[in-house]
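Sequence annotations record features per position, and here Swiss-Prot assigns substrate binding site to Ile14, Phe15, Arg37, Glu38, Arg64, Ser113, Pro114, Gly115, Glu119. The annotation domain 'Nudix hydrolase' is assigned in Swiss-Prot to 40-171. According to Swiss-Prot, the feature Mg(2+) 1 binding site maps to Ala76, Glu96. Annotated motif 'Nudix box' per Swiss-Prot: 77-98, in sequence order. Taken from Swiss-Prot, the feature Mg(2+) 2 binding site applies to Glu92, supported by similarity to another entry. Residues annotated as Mg(2+) 3 binding site in Swiss-Prot: Glu92, Glu96, Glu142. Annotated active site, proton acceptor per Swiss-Prot: Glu140, in sequence order.
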Amino acid sequence: MKSLEEKTIAKEQIFSGKVIDLYVEDVELPNGKASKREIVKHPGAVAVLAVTDEGKIIMVKQFRKPLERTIVEIPAGKLEKGEEPEYTALRELEEETGYTAKKLTKITAFYTSPGFADEIVHVFLAEELSVLEEKRELDEDEFVEVMEVTLEDALKLVESREVYDAKTAYAIQYLQLKEALQAQK
């Protein structure tokens, strides 16, 4: 089978930020022709599908500047240097919601936009939740409203586009499928 790989000829970092770095790469395509690739480097992130013992999903409502709107999401955040995804998942759950989890299960990991970015999101299911005695502080630039919703209401939030991001829609549909499969047993 013919190779589909591109060979990097030159690489230039054109931006280094708090969250992302941006590179422009000159590449040789599989057919021998030259092209340029703009690549966003990201440390990765986690997302937490937190479900109470009563079956409610813990979600957060927050304004997202790139979208210029407020959306509803599952708790999520960026991996800090040297952090394991499990640690980040618990940290973000605690910071954003005031809950912690005794049981944390990795559901999946996926690349958000592999055509131009290397960001990977690790998605976890958090169960056996309890409220922290002392809530951890949010980042100074973070403002969220915590919500508890049923799966049915979460699906309505997806339909109404209040849930507008892939990680949250994925997590809600995962839970819907999980519950449907359990009901068949």
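Glycine too: its Cβ is placed from the backbone N, Cα and C atoms.
Where Swiss-Prot records a feature, it is marked here on the structure.
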residue : record                       : Cβ contacts under 8 Å, 6 or more apart
Ile14   : substrate binding site       : Leu22, Tyr23, Val24
Arg37   : substrate binding site       : Glu6, Val24, Glu25, Val27, Phe116
Arg64   : substrate binding site       : Thr70, Ile71
Ala76   : Mg(2+) 1 binding site        : Ala45, Val46, Ala47, Val48, Glu92, Val121, Lys167
Glu96   : Mg(2+) 1 binding site        : Val60, Pro75, Gly77, Leu138, Glu142, Val144, Val146
Pro114  : substrate binding site       : none
Glu119  : substrate binding site       : Val40, His42, Gly44, Ala45, Tyr111, Thr112, Ser113
Glu140  : active site, proton acceptor : none
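According to DSSP, Ala76 (Mg(2+) 1 binding site) sits within a strand segment. When the neighbouring Cβ atoms lying within 10 Å are counted for each of the binding-site residues (Glu92, Glu142), the highest count belongs to Glu92. Put simply, the two farthest-apart Cα atoms among Ile14, Phe15, Arg37, Glu38, Arg64, Ser113, Pro114, Gly115, Glu119, the recorded binders of substrate, are 27 Å from each other. Residue counts of the domain 'Nudix hydrolase' (40-171) by helix, strand and coil are 28 helix, 56 strand, 48 coil (DSSP-based).
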